[in-house]
């Protein structure tokens, strides 16, 4: 329910209000602001704003306007303070500076409203002043005592000669219980504890056109209010919707009666309000009211003027008021007053004077000079009707009149002229003395006539002024009602618009919350799915660990069995040869070397003119057998026993046992087919000089299916997974297993190892290819630890870094380039500038091949071009970079899934260089904004792709990106990412994935697992260190991919053993 606007009480005009505002601002600056803390002033400004909002909500426009202006004065002072800029944001927040726009709008609205209200107040005061002035003039005129009439005029003679008194005027003031103002009725309706029943006695048509907007208001039509009717008959005559409440009149606390304009219950028994009150209060015996019914002062018209918003129709037509009885009666009475004609009086006076000469007695003399009497019985009385309560005169004690002022109170008192017949000075019949019968009586009569005429005219003028004032007041009331209705409509519309805006804001916020809830729900589902996959992975890892434990236990059991069996076989062999174990212990062991000769040492011997197969003489007394209790794989020959036998054969005369003679020419020699992808396995053989040669091939042949697993030597999963991917790179493995690498060894490279890395890699490949069980790469790790200190210990390392270091050393060992030592001759600047981009690429690639040519560069190396272009002069510059592993960034997109194609697009995206990264343009001779673009100029045969999952956030902390990168398995065409319009290079066949490396966990505590495609059927195997499991590739297996291995060549192969 809207709050009613309070009346104006602070100032009489808008100018006076602004003077108060200006005076308040000056006082604040001079007395209250000086020496105050700025934070305290901000808090005070906030409190002033809150109090202003409170007065605005209470409907007090003047006080809220005054306080809003005080708030602006405080804000201006604070913002002009010298300490304001030091902490601007804090002070703005303390004094709620963001509310200034709203306060300014409110001030504009209140200014317009106050200007209108002050104008209305001014008009009302002027009208009230006019009315008061007219009433004061009338009262002053009536208070002025008229001259004594000569002769006295009777007031109201009747036909029988007696005088009538003025009719009694009812007192204006009534007890409180019988009258009720519109304000009091409004308060009672708003009070929930007070039950009120309003009975509207206006005609039915007027009630339907407009009535009080309340459920407690009923209509008792004027048409049914006949004199003598009782409540039971009324209940049957009133409209049906009013019957229910009418029957509950004895339950409510108050019953209020009203018609159009009555201020109280009329005394006339025919009046509708009088009939209604008597019916429900005086004559009703069945339902007794709690208190006497009250009448709404000035009726429905007064309610319509004060509360138009609480009516069903504020523009209803008010019936015309009946003519004022006082005015009409007074006009009639003034017209009926008899004024004697001066001519007739003069004639009568002449006749009387002519008769004075006749002698007569005292009685006759008195009768002869008596004044003429006016026959008042033939004239209407001065006041024929009751005096109006609002404008008429009132009879009070002792025959005096009260003159009511504009407010209805008694304004003044004047004495009534006594019109009763009095004895005349000349005798009982009013005769005049002979001394006073002259012209004095005529002059007195004429003066009385003139005063009466003047009084009549003044009264008529005052009546006209009063009617004009009432008309002006009625117009003003209607104007105020219209403005109040318009203001209410505007307020309701503004409130409605504000509520609609608030509803739209709430709907928007609800939509945002629903989107967030949906996103969180989707994210939770994804996390739950990940947790389920992790749980499955943990279960699978536990199963694999359990299987590994069982397998290790079985292997240990078999090893113990094999040791026992070998011991028995040795003992039986000694017994068969005629020697006992004790005799064998007495025979000194043949000498053996402490360490087998390495490939590097063999090469050194070869360079000195000796053969690589010559054995170094072992020190005397050193046993060939070592009792270290190490287990040996069944796929390996007993090398220690073979060395002892070889030593026995070489020593010959030192032992009593003759060495058996074998015709090695009858054995097949070891051969390798280097031009085919089919490799044959052979048994161990001896060279012609009797030296034992170690073969890594098993004695039983089988078709190759997969490589053997690699044991974890202590956080070496990064090395094992990388070696498995390289071992399944068939072109590289064939190059080493066929011994073709030996022709490429670079003995003179200072960055290489003289073929040591190549030989050790070949030995490890042979063990992995020709063994069913797992292999421990101890020698390989020891070699890498000597070359790189980071691999000497057992800490976790990065597989990508290990891959680059290893293939770099492998390339240096096998680099067979002719001009690898010489630097390329540069071109003259003119020739260099004349070359196109394609020409510069071809020239760089040829120079690179002249210095770097190996199986590693042939398989893995590609070419990148970094092109810089100045945005001012369009000068371009190109630099070239050879890559063996393409490192791609992962885009920072919403969600946790992206594609390999997205990473490539981000890598090849044009980069803007400005600011500190601007390019020093050689043409402009200064730093310029430039564009940098990466171009793939040449694609390798084997494409290795690494994802940049690790990012350094601080100097001591790195973060791993867990984004799932989708990547294709088959038919991945990279030609679309090569700019063939600018680079003339060959098209590669679509790439097929043959291996990838996964990383789980963090950089410091993670774990690496390799997935490789192997065998003739292209089955996928999971290499988890020593555990090798055939799997069907799924999305969960690819989720943590770190390094991808693609090939564009046919890698179909098979191994066939040969007896």
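Backbone N, Cα and C atoms are what each Cβ position is placed from, and that goes for glycine too.
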Inquiry  = For the annotation region 'Disordered' in TrEMBL, which listed range does it cover: 320-343, 344-367, 368-391?
reply    = 344-367
Note = Candidate ranges 97-130, 131-164, 165-198, 199-232; TrEMBL annotation region 'Disordered' resolves to 131-164
Remark   = Ranges in play 420-442, 443-465, 466-488, with TrEMBL marking region 'Disordered' at 420-442
Remark   = Between the ranges 290-315, 394-419, 498-523, 680-705, TrEMBL assigns region 'Disordered' to 680-705
Request  = Please average pLDDT over the domain 'Rhodanese' (192-312) for the predicted structure.
outcome  = 90
Ask   = Tally of helix, strand and coil residues over the compositional bias 'Basic and acidic residues' (547-582) according to DSSP?
value = 32 helix, 0 strand, 4 coil
Message = Per DSSP, what is the helix/strand/coil residue tally across the domain 'Rhodanese' (192-312)?
response = 46 helix, 18 strand, 57 coil
